[in-house]
Amino acid sequence: MTLTATMVVDKSFKIGEIDKRIYGSFIEHLGRAVYEGIYEPGHPDGDEQGFRKDVIRLVQELQVPLVRYPGGNFVSGYNWEDGVGPVSERPKRLDLAWRTTETNEIGTNEFVDWAKKVGAEVNMAVNLGSRGVDAARNLVEYCNHPSGSYWSDLRISHGYKDPHNIKTWCLGNEMDGPWQIGQKTAEEYGRVAAEAGKVMKLVDPSIELVACGSSNSKMATFADWEATVLDHTYDYVDYISLHTYYGNRDDDLANYLAQSMDMDEFIRSVIAIADYVKAKKRSKKTIHLSFDEWNVWFHSNEADRQITPWSVAPPLLEDIYTFEDALLVGSMLITLLKHADRVKIACLAQLVNVIAPIMTEKGGPAWKQTIFYPYMHASVYGRGVALQAQISSPKYDSKDFTDVPYLDAAVVHLEEAEEVTIFAVNKHQTESLNLQCDMRSFEGYHVLEHIVLEHENMKATNQGREQVTPHHNGDSAIDQGRLTANLAKLSWNVIRLGKK
C-alpha cells in the first residue's frame, strides 16, 4: 500500500531569509576534535601548520560557514592566554570539564588560521565560568582591535598584524548546568553576561553576542532561566542559545524519529519567551535564536566511562552514527529551516571525531559518517528563502508523541539561481509515500535531480566501509505545475527543481 501526502508551495508564502550560519558547526578542545582531528603534525596529508588537508577538504565539501570555538564545557575553565604566543612556552593544563590534559598547541590564532582555510567564520566563546568580564574584554581587544593597545600589540608580536575581526561571540556555555565550572543562577549569570557584553561591545561595537539559554529544555530552570537572563541582557545581546541532543536508547525507531517534534516545540517556546521579554521592555529589538549545539548523541556514553583520566586527546564522544541517525539529523535540519525567520545561527555539534560527521584515523584516512550527507545537502542546497509549505500527511502515534506526520519537509527558494529545493523525510517503516505537490507559481521548472539516502539496515554505519551513501535515482517528475514524487520508506530526499 502506498500512502499519499500533499503539499502546496507558493513563492509568495515565505517564512524568511535563511541565514547561512544555520549550517554552522562546532570544534571544542575535547577528545580528538582538535588533536588528531583537525590537527595532526606529521600526517601524510598534513599542511605546513600541521592541519590535515583531508579534513579541510571534507569541511569545505560541507560548506560550513561558521564554527563555534573553543567550547563547550571546556571554555568555562579555559585561560585563552595559554593558547597564544610561542608554542614552546605554552603551559599544559588540566581540563577539568573532560578530565584530560590540554597541551595548548592549538589556540586562538591557529584556529583562526584553520577557519580561513576551510572558509568559515569563527564563533568565539568567552569564559564566564572560572573567569569573567576582564578576560572577555581583553580577548575581544586581542582579536579585533587593529593596534596601539597592549592586547592588540601582543597579537601583532605573535605574528598577526591584521585583526581577526571575529563578529560572533558566545557569553559562556551552559551556565545553569551542575557539571559546569562556575555554575550560576539565572540572576548571577544574567548580571555577569550583561556586564561582559557591555564591555565587549565597548571594545568593538560591531560584534554580535549570544547569551546562554538553558543547557536543554528538560532543565528544571528552563523558561525561567531564559526570561531572567534576557531581562538582564536584552540591551546587549543579539541571540539566545539552545542546546539539544537526542538518542535511541530504547531502540524504538518510531519514537526516535518523532523527536524532531520536541526540537520544534523547544524552538517555539524560546521564541515565545524572547518575545515576552521584548513586550515587557517595550523594546523595538527582536532577539533571535542560536541553536549552537544540536545532534544525536548516545552511542559513546559507555565507552567514555572507560577512559583513563588526564590523558591527551583520548577518544571521547566518538559516536559511530547509523542510518537511522541520519534520518533524524535530516528531520532536525528541516526543523531549523521551518524556523528560518528566528533561528539565525545553528551549530551541528560537533565537526570532527567528537559526535561528528567527519571521523579520522591517526596517520590514516578521514571518512564520512552517515550524518555527513543530510548536513551537506542542506548546507549546499538550502540557501535562499524558506517557504511556508502547506503539508497534509498521514500521521502516527509513538510512545512519547501523538500526530507525528510521516512526511517531514521543508522548501527553499533560491530566486537568483531560479532553483527550488525540497528536503523530505519519509518516517514510515514499511510504506513509500506518494508526494503530490502543487508548484503552480514555479512555471517552467523541471526536476534537476532527486537525491535519496536509504538503506535496508537501520543500524548500518560507514565505519570500515561506506555502506550508507546517497544515490541520484529518485523517482520524481513535474507536469503542468504539479510535482509527483515517490519517497521510499525511511528515506531522506533532496528534490531539486530549476529552469536551467
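Including glycine, each Cβ sits where the backbone N, Cα and C put it.
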If Swiss-Prot gives Asn73, Asn173, Tyr245, Glu293, Gln350 as binding alpha-L-arabinofuranose, which of Glu17, Glu28, Glu121 does it give for that site as well? Glu28
Residues sitting within 8 A of the centre of the Glu28, Asn73, Asn173, Tyr245, Glu293, Gln350 CB atoms (alpha-L-arabinofuranose site), not counting those, run Phe26, Leu30, Gly71, Gly72, Glu174, His243, Ala349
What are the sequence-distant neighbours of Tyr245 (alpha-L-arabinofuranose binding site), meaning same chain, six or more residues apart, C-beta distance under 8 angstroms? Asn216, Glu293, Trp294, Asn295, Val296, Trp297, Phe298, Ala349, Ile355
Counting Cβ atoms within 10 Å across all protein chains shown, which of the binding-site residues Asn73, Asn173, Gln350 comes out on top? Asn173
Comparing the Cα of Glu174 (active site, proton donor/acceptor) with the Cα atoms of the binding-site residues Glu28, Asn73, Gln350, the shortest distance belongs to Asn73
Cβ atoms other than its own within 10 Å of the Cβ of Glu28 (alpha-L-arabinofuranose binding site), all chains, total 26
